[in-house]
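Participant: Take a look at what TrEMBL says about it:
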| type | residues | note |
| --- | --- | --- |
| BINDING | B:Thr161, B:Lys187, B:Thr198, B:Glu285, B:Asn408, B:Ser413 | substrate binding site |
| ACT_SITE | B:Thr198 | active site, nucleophile |
2 protein chains.
Amino acid sequence: MAKLPVSPLAPPRFPDLPEIGGVRFATVAAGVRYADRTDVMLAELSPGTSVAGVFTRSATRAAPVLDCQEKIGRGSDDGAAIIVNSGNANAFTGGRGQESVARVTGGVAERLGLPPERVFSASTGVIGEPLPDERITARLDDLKDGLTATGMEEAARAIMTTDTFAKGATTRCEVGGKTMTIAGIAKGSGMIAPDMATMLVYIFTDAAISQPALQSMLAELNHSTFNAITVDSDTSTSDTLMVAATGASGAAAITDPASADAAPFREAMGRVMLDLAHQVVRDGEGATKFVEVTVTGARSEGDARKVGFAIANSPLVKTAIAGEDPNWGRIVMAVGKSGAEADRDRLSIRFGDILVAENGWVAPSYSEEAAAAYMTQPELAIGVDLGLGEAAATVWTCDLTHGYIDINADYRS
Amino acid sequence: MAKLPVSPLAPPRFPDLPEIGGVRFATVAAGVRYADRTDVMLAELSPGTSVAGVFTRSATRAAPVLDCQEKIGRGSDDGAAIIVNSGNANAFTGGRGQESVARVTGGVAERLGLPPERVFSASTGVIGEPLPDERITARLDDLKDGLTATGMEEAARAIMTTDTFAKGATTRCEVGGKTMTIAGIAKGSGMIAPDMATMLVYIFTDAAISQPALQSMLAELNHSTFNAITVDSDTSTSDTLMVAATGASGAAAITDPASADAAPFREAMGRVMLDLAHQVVRDGEGATKFVEVTVTGARSEGDARKVGFAIANSPLVKTAIAGEDPNWGRIVMAVGKSGAEADRDRLSIRFGDILVAENGWVAPSYSEEAAAAYMTQPELAIGVDLGLGEAAATVWTCDLTHGYIDINADYRS
């Protein structure tokens, strides 16, 4: 497949990611599948690092995901490591898949002097082909020798598959006079295809946080960030989101996610996660529009999300957006099919600031020309008020274009 | 929008539909929206006809749907009528929508000497624009004058919107030496778009069946026919499926849907419904492949359907099929995300007779070349066995192509 052009929705450039105390990175070109590019990244985490993670809920999870889920959350003050390859997902590879994971993580553990249960892995790429793990283990010494505190951008590039740009984000926060830094990388461009468009996210911070507190915050923030985006409604067998907190900032340890000290960190980590989640949508396969769907006035947050995702996943809504057509009838349709409680005559719909429909019919002030002009913008906001209650939710998606068909109808050839 | 080419999956020709005793049809070109074509059909049903119906479950149902649901199932020995227009869906038109329905159905009732509650209507076309019902009521005398027993094919043509071919099906069955005839028409090409691709189905028979028995059979057969197809997972605000049984065959009345007499009729009606449902898929917007997905070995029929629809609705599966790519990894992905109970290591996957994967990995006998050759056929069968139980389900879909984007990204312009 030819190299894809960079998404028109990409940020202007990769951010300058700061060093995070206690984290070092290395990458190599191991030739797992691709030629002439890096395809393995290793992150080494200092002793005492808390590692939290959330994973795909697919019933056909890949071997590395099963391994991570087994290992995550065990108390340990040992160092840790994360190793990720692109090119092969090691998914649907039977018992051999587990053996490959054991060889790769065991090899890393040996080189870095870690217990094997502190080495986490991920693989992203083609499904159903055995992982040529010997190509990775042959390069573990090189990875160890290459470890550097400044390698996070290279790590972001090594895990790309169909991504058209590398994804990174960073921010800082202060607690009790101490500055804590958070930086993360992500890959993903279909939401989230099983082949090479799996979403992988790794976030690093020098904050000091107990593993249970970190896990709790991660799960909560995930709900409104990575679990609030969709490109094509498909779910990878390998989706992985991990956060590592090294404690190198010297700030006091956060052990209660509900404490006052936790609040600035939670807010900052949420910002990094939302930034990365938006970048995944901006790299949605074939995307030409970035779309925020906000649903208000729902009876429950669950209903608001149902309506939001019904709109964001509707092929008819997404193709209308691609065609810059203010086809609000398709929004009505998506609300209707969502399964959420809705009342046609209380529903109102907005495109940006333009009131489109209310009281069960098109708004008297509505101008199709103004709406059509609005739809030509690359970033769109769709607002739906159900008029039934106080609950709300926001989700993000992109349009469905010929580019999506191009990429996915001919992916493996 | 330019006229679309006829789907490559269309049947070779429209079937010869027999006359059904007790049913007459008429059509006119009322200019609701289209020029130079018929756009209203009227069906007159003789006294004693049982009328059953099932409708979209959308929370934003169109005015005619709400009216039909209000009227259906009331006991009556009066005659009845069905009037349908294309070009305008009379959906999301507020209180005016209900008034339009009342004027149209009331006008028909007056012309044909029927109680208004025995006149059923449907509208299919653009959402959110007021129905110019005066264009329809102005032609009711012409419709009445034009009623003929042979007009069913013309009726099928009058209700088309983005359909690329008219859809009809017929069969006969015998009970106690009496022959009963069933014939039906349908329209629909997106599944089921809110604009002009709503699915409407009308089936007529000279069998004698009580309304409750007919309603019960219809609901049951609908589950495995029209509710087992999907083009794009979208649901119309206007989907309507009605069956009218006139009793003109002189056969004894069926009052118990579980009786021995009901069985041949049920089987025949199911055949007509499945034929029409398949034709809707064959006219799926942009479709180039007709795909049957059969799921076996599930713990429950609900689980089997979940897996079937997860596969049939997956944009990644559908684009792979469009690309003639035997990308079975995407089937694994869809099984995993379906929410049904599944065990990666018990799963097996077939393309036609080709065993692709089993025991959690690619089958030893699998040949990518053979699978790629299979995928070039216009009609494909995907088989998934979950290896967990005895339940099964079959659903039908089509591929997702550039044609779908063409039709839907620029529909209203």
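In case you wondered, yes, glycine gets a Cβ from its N, Cα and C as well.
Mind running through what each feature is packed against?
Facilitator: In the three-state DSSP classification, B:Glu285 (substrate binding site) falls within coil. For B:Glu285 (substrate binding site), the Cβ neighbour count at a 10 Å cut-off comes to 29, with all displayed protein chains included.
In three-state terms derived from DSSP, B:Thr198 (substrate binding site) belongs to neither a helical nor a strand segment and is classed as coil.
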Participant: Could you check the binding-site residues B:Thr161, B:Thr198, B:Asn408 and say which one's CB has the fewest neighbouring CB atoms inside 10 Å?
Facilitator: B:Thr161
Participant: Under 8 Å Cβ-Cβ to chain A, which of the binding-site residues B:Thr161, B:Lys187, B:Thr198, B:Glu285, B:Asn408?
Facilitator: B:Asn408
Participant: Please report the DSSP secondary structure of B:Lys187 (substrate binding site), reduced to three states.
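Facilitator: Note: B:Lys187 (substrate binding site) is in a strand by DSSP.
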Participant: Write out the long-range same-chain contacts of B:Lys187 (substrate binding site), meaning residues 6 or more apart in sequence whose Cβ is under 8 Å from its Cβ.
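Facilitator: When sequence neighbours closer than 6 are ignored, B:Lys187 (substrate binding site) has B:Ser86, B:Thr124, B:Ala156, B:Ile159, B:Met160, B:Thr161, B:Asp163, B:Ala166, B:Lys167, B:Thr198, B:Met199, B:Leu200 within Cβ distance under 8 Å.
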